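Structure record follows, encoded as structure tokens.
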Amino acid sequence: MSIRHATLHQLKIFAAVARHMSFARAAEELHLTPPALSIQVRQLAEAVGQPLFDQIGKKIYLTAAGEALTSACHDILDRLEYFTQEIAALQGLEKGSLKVATLSTTKYFIPRMLGGFCTEHPGVATVLFIGNREVLLERLARNQDDLYILGQPPEHMNVVAEAFADNPLVVVARLDHPLTQEKDIEPSRLRDVPFILREPGSGTRLAAEKFFEQHGVILKTRMEFGSNEAVKQSVAGGLGITVLSASTIRAELASGKLAILDVRGFPLERKWYAVYPAGKRISPRTKAFMEYLFAASADGENGPSLPKP
């Protein structure tokens, strides 16, 4: 056989297995039985003339040929998707999907913005994935989505990152915390105050730790959580203070559960970024959504509504 005889179906199957590094998970995603999936991968390997995976114990690994084919598959499938979208655009159609992956912190405004976009473009089927930074970076590396919303673009990846909204970080405490009565608090004053933080690798935590380290302060971490809600509940319960995006605490400020501390150097001025792999040809739908993000954030109607620290 020759690689020219490989089918698009086989390439899609191989790409799924390479993405998950698991035949079982790929079969589940594609709604195929594992035996049927294995047959297609074996036939593709025969067409290539090289094994695509090595199996060591229960784990599989890409061979050199598999690595090369993975890169080719991404290019082929991306080009095909882009072609499909271009044809739809030329025909004046708004069909197909828009896949957006965003941080859990943005759940306070990105769904609202996506809803506004869908109202203007009812023919676009949108898929929203919400996760933490580590998961989003994994998805970005695999090019699983059309667009990624991040508070801090990855420095180790070749990406395009366009800022579309402010994302100030503030120090937050329970309303009756003694420090809420003070002004212009020196960062060093917080050296012995217990902090409730997001999980290691979180963009918010990275920014907070970097700031305090620059001021000679190593944060005293009492607890860490993978969600803003858990962090806020712990702070409201008096277990410590935290650093969060201002967009996440509007309700708690209004209800009197939490307060922003006046710490020197805060708020930390950050941005929200629309991110995609460099070299990727973004679809007309992705481009339209990015334009909507910029416009909505500029006029403040659907963008992140931020409290004043």
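Glycine too: its Cβ is placed from the backbone N, Cα and C atoms.
Note that this is a predicted model, so its numbers are computed, not measured.
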23-42, 63-82, 163-182, 263-282 - the one Swiss-Prot records as DNA-binding region: 23-42
Beyond the flanks of the DNA-binding region (23-42) by 6 or more, those residues with Cβ under 8 Å of it: 9-10, 12-14, 16-17, 52-53, 60
Helix, strand and coil counts within the DNA-binding region (23-42) (DSSP): 17 helix, 0 strand, 3 coil
